[in-house]
Amino acid sequence: MDFPREFDVIVVGGGHAGTEAALAAARAGAQTLLLTHNIETLGQMSCNPSIGGIGKGHLVKEVDALGGAMAIATDEAGIQFRILNSSKGPAVRATRAQADRVLYRNAIRAQLENQPNLWLFQQAVDDLMVQGDQVVGAVTQIGLRFRARTVVLTAGTFLNGLIHVGLQNYSGGRAGDPPANSLGQRLKELQLPQGRLKTGTPPRIDGRSINYSVLEEQPGDLDPVPVFSFLGKASMHPRQLPCWITHTNARTHEIIRGGLDRSPMYSGVIEGVGPRYCPSIEDKIHRFADKASHQVFLEPEGLNTHEIYPNGVSTSLPFDVQYELIHSLPGLENAHILRPGYAIEYDYFDPRALKSTLETKAISGLFFAGQINGTTGYEEAAAQGLLAGANAALQAQGKEPWVPRRDEAYLGVLVDDLVTRGVTEPYRMFTSRAEYRLSLREDNADLRLTEIGRRLGLVDDVRWDAFSRKRDAVAQEVERLKSTWVNPRVLPAHAAEALLGKAIEREYSLSDLLKRPNVSYEALMQARTDEGELLAGPGVLEDQVLAEQVETQVKYAGYIARQQDEVQKHLSHEQQPIPADIDYDAVTSLSFEVRQKLKTHRPETIGQAARVSGVTPAAISLLLIHLKRLHYGSRKQAA
């Protein structure tokens, strides 16, 4: 039967991509339906109980700046928070949190259930309704037909999912959940380019059977306690817990090597490629044979469970080998395994067949987000979900889409990498992937993106008011530092030596003083004159977030300005569109190889064309000349 209500957007899947997609579409004003095989698993953390990390934390902050759910849910569920790379520059500092799985899932579900314009419905999707080259809806396993202007598919690892433990395997979307085989078969019929990838998870341990006395404790940051959301507060966090560290050893490695003949990875049973930056323990032992040991982080899964996630020993080895390797680890000699580790192999679709909006090129109105695009990680999935959901809503409403640029957001880097370069292994975000990372910091994600989110309808009044106050306060304080001057009479020698290491001999602005390497904003605001009065303070010192933002903007102003100059030069051609119907065979000045690559990839802009492997700068120059001729010819014809 046809469901009586029609929708603007249907989102298929309730993982990290699907939930952000549904929330974004609904916030943008679209009548949105989220279809999931099980409402109880909305927002489920299928693998590790953590959010964030290098590059990943930047994505979470960007999702938050655009009104998304992940960061605030992490603040409500996080049981340990840390700033990684805290001793390095602000561009590569990243927030990471351990999360209570149940609290996180509950926080996401609460946001979904309280979001206007959003309906939830529990049914697995078996088919897509396609008329010509336009998607018009989805069909569930009991034959219900839901109609919509656009569909966002976020199927995760469920498409023809195959779970491996040793040489045994069975169909599944993840442990305990059925696969989406019918939907996977339907997508094959649509002849979208696809492949197989693999990921894995470690066995879970009963924490009561661990000897913590021989382990290294890893507490979270306490002064100050980090928060993820720009609207978050440390007071939102539940009780905090430590993690623990152990190490593999020669005995562990011997056990693993002895079981490789029964490993599905090394016996050829698994065809899919696994994630390079989150390898299985058997892959680590094989690839880094000269390494004597590897760290294993024992991470709590929640406040009301004894279950421990041993991060670093993801495996698909047979259970008897898993049993031995776990018991070879210091502190885990008597550990009780609650769940075996496994690998899962699944279908993904070549993201080069997507537009930069994450809409498929072949089928209008059909958007893909998350692991279906060849990525790995909750954060990468959430970011894609938000973008796909927003663009699906905009398209359904007849509005222009939004495509973030590489200089605007890590989300822009992520999408551009996917649609221009594709993937040969699960894609993970790193700060090193962003050429403009000094401008793409965690701390300024809201200053970069919240105004855009407001324009798209993604940002509510509460977030907008908080952002506006922060933006204005930072701008006013930066301007005050530039326009306030001090001289040797105002800043006496002893005070200057304490602050700067030497007396000043001429007049300086406060901004100039703050740019010096050893001067902090806090020290500058606390400096006093001979009369005991504050030289320049207190400024915004009472608000640590504002103080850090002001210090970063002032100290790195020169570097950021130079980077922005680079961006402006680059943008002159970066955004130049390439006609969708361009005949590359007519560009005879290009080599046959380059023409073939451009015909295969069909880049949307000159910037994308330049990033296609094998397309040289000389080829781009020739393509630009051809586009000028086309433009001149069309103008002449019109005249």
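Cβ coordinates are placed from backbone N, Cα and C, and glycine is handled just like the others.
Annotated in Swiss-Prot:
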BINDING   GLY13, GLY14, GLY15, HIS16, ALA17, GLY18  FAD binding site
BINDING   274-288  NAD(+) binding site
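The structure, with features from Swiss-Prot marked on it.
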residue	record	Cβ contacts under 8 Å, 6 or more apart
GLY13	FAD binding site	LEU35, THR36, LEU153, THR154, ALA155, GLY156, PHE158, GLY370
ALA17	FAD binding site	THR154, GLY156, ALA369, GLY370, GLN371, ALA381, ALA382, GLN384, GLY385, ALA388
GLY18	FAD binding site	VAL11, VAL12, LEU34, THR36, VAL152, THR154, ALA369, GLY370, GLY385
GLY274	NAD(+) binding site	LEU197, LYS198, THR199, GLY200, MET265, SER280, ASP283, ALA343, GLU425, PRO426
ARG276	NAD(+) binding site	GLU425, PRO426, ARG428
GLU282	NAD(+) binding site	ILE256, GLY259, LEU260, SER263, MET265, TYR266, THR315, SER316, LEU317
LYS284	NAD(+) binding site	LYS291, HIS294
HIS286	NAD(+) binding site	LEU260, TYR266
PHE288	NAD(+) binding site	HIS294
For GLY14 (FAD binding site) and CYS278 (NAD(+) binding site), what Cα-Cα distance in Å is obtained after rounding to a whole number?
24
Can you grab the distance from GLY15 (FAD binding site) over to CYS278 (NAD(+) binding site)? Cα atoms, rounded to a whole Å.
20
Hey, how far is CYS278 (NAD(+) binding site) from HIS16 (FAD binding site), Cα to Cα, in Å?
19
Taking the Cβ of GLY14 (FAD binding site) as centre, how many other Cβ atoms lie within 10 Å?
28
Count of other CB atoms lying within 10 Å of the CB belonging to GLY15 (FAD binding site):
30
Shell list (FAD; ref centroid = CB of GLY13, GLY14, GLY15, HIS16, ALA17, GLY18; cutoff 8 A):
VAL11, THR19, GLU20, ALA21, THR36, THR154, GLY156, GLY370, ALA381, GLY385
Cβ-Cβ under 8 Å from HIS16 (FAD binding site), same chain, 6 or more residues apart: which ones?
GLY43, MET70, GLY370, TYR378, GLU379, ALA381, ALA382, GLY385
Can you see whether DSSP assigns HIS286 (NAD(+) binding site) to helix, strand or coil?
helix
